[in-house]
Amino acid sequence: MLKKILVLNTGGTIAMSVDASDDGVKPLDDQAVNKILPFLERYADVTMKNVLNLPSPHITPAIMNQLRQHIEVELSLASYDGVVITHGTDTLEETAYFLDLTLSLSVPIVVTGAMRSSNELGADGPVNLISSVRTAADPDSRNKGVLVVFNDEIHAACHVTKTHTSNVATFQSPQYGPIGTIAKKNVQYHHAPLDREHYAITHADANVPLIKAVAGMEPAWLQFLLEQSIDGLVIEAFGLGNLPPSIIPTLKQLLDKGIPIVLVSRCYNGQVQDVYDYEGGGHQLKKMGIVFSNGLNGQKARLKLIVALQQTRDFAQLQDLFEK
Ligand SMILES: NC(=O)C[C@H](N)C(=O)O
């Protein structure tokens, strides 16, 4: 018997078309993804619902949280073997990771999209959606957390990132590689994702900016943060986790105000560590109370801080959570 799969559409290029009049890519046809439905019927008993039609740069953590609630409601009203979410690729890794942190479900949840719009030659939306439905229908996909399926590969939401502006192979997991492959006739897993985390949340409205360290950073660039009411801050530091000395006094002021600061690296491989003991070096940052993250990129560490702040604001407890 065919597995029951729920497909929730949220927008993105998979739902867009090239407008011949001006060559712009836009959401011209709100049925663009629904037109793929007949091709899915061979693989599963699919129910498709259009939840949103947003380009993914318009997605916010509050919308991700609404999507989480939407999925929970849908799964409480009817029984499905898996859920597929279509989404724009620009912030796809963020929504996928947010759902991974906040949903506690054993059914497969797969996020996918397209790099080429629906009426472009070689559009990748239909095949990505077929692969996602096949993945969601596969019993081996259960209990693996949220998965991102793109270009015949299955990635864990916690590791995947968009690596190319236009290539259909844009989604990669730089440190770990894909956890599975979509073969012609079956779905093959190569290894299991690491331990999963779960945060039971009600809202996602913490104000957490993300800033990137650059050579010769001016302290004035960060001064405005002291005047804002922020709940936390994430910094993409250099290399192993080092910052320019010029911004350290401002960071100390933020910490003194009780604002947690999470450090990640600008490098997309490896993780920050408290090694260097010069001014602004990681050794000193850790002693100041800055929380070191565990290899997440900046945009994902920000979402983790947004949800973790509902559990604790204590720097030491946050450090424990970010070591996981
Ligand atoms: N390929 C895409 O989906 C990119 C688009 N700008 C979006 O994220 O909505």
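Quick reminder: no glycine exception, Cβ is built from N, Cα and C everywhere.
Positions annotated as active site, O-isoaspartyl threonine intermediate by TrEMBL: Thr13. In sequence order, Val25, Gly88, Thr89, Gly113, Ala114, Met115, Arg116, Ser117, Gly125 are the residues of the chain that are 6 or more apart from Thr13 (active site, O-isoaspartyl threonine intermediate) and have a CB within less than 8 Å of its CB.
The active site annotation in TrEMBL covers Thr13 (among others).
The local packing around Thr89 (active site), expressed as other Cβ atoms within 10 Å of its Cβ over all shown chains, amounts to 23. Taken residue by residue with DSSP, Thr89 (active site) is part of neither helix nor strand, so it is coil. Here TrEMBL flags Thr89 (among others) as active site.
Within 10 Å of the C-beta of Ser56 (substrate binding site) there are 20 other C-beta atoms, taking all protein chains into account. Under the three-state DSSP scheme, Ser56 (substrate binding site) falls in the helix class. Annotation source TrEMBL lists substrate binding site at Ser56, Thr89, Asp90.
Annotation source TrEMBL lists domain 'L-asparaginase N-terminal' at 4-193.
For 207-322, the entry in TrEMBL reads domain 'Asparaginase/glutaminase C-terminal'. The helix, strand and coil residue counts that DSSP assigns across the domain 'Asparaginase/glutaminase C-terminal' (207-322) are 46 helix, 17 strand, 53 coil.
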Same-chain residues at least 6 apart in sequence whose Cβ lies under 8 Å from Asp90 (substrate binding site) = Gly12, Pro55, Ser56, Pro57, Lys162
Substrate site shell beyond Ser56, Thr89, Asp90, criterion: Cβ within 8 Å of Cβ centroid = Gly12, Thr13, Pro55, Pro57, His87, Gly88, Thr91, Leu92, Gly113, Lys162
Across the listed substrate-binding residues, Ser56, Thr89, Asp90, what is the farthest Cα to Cα distance, given in whole Å?
-> 7
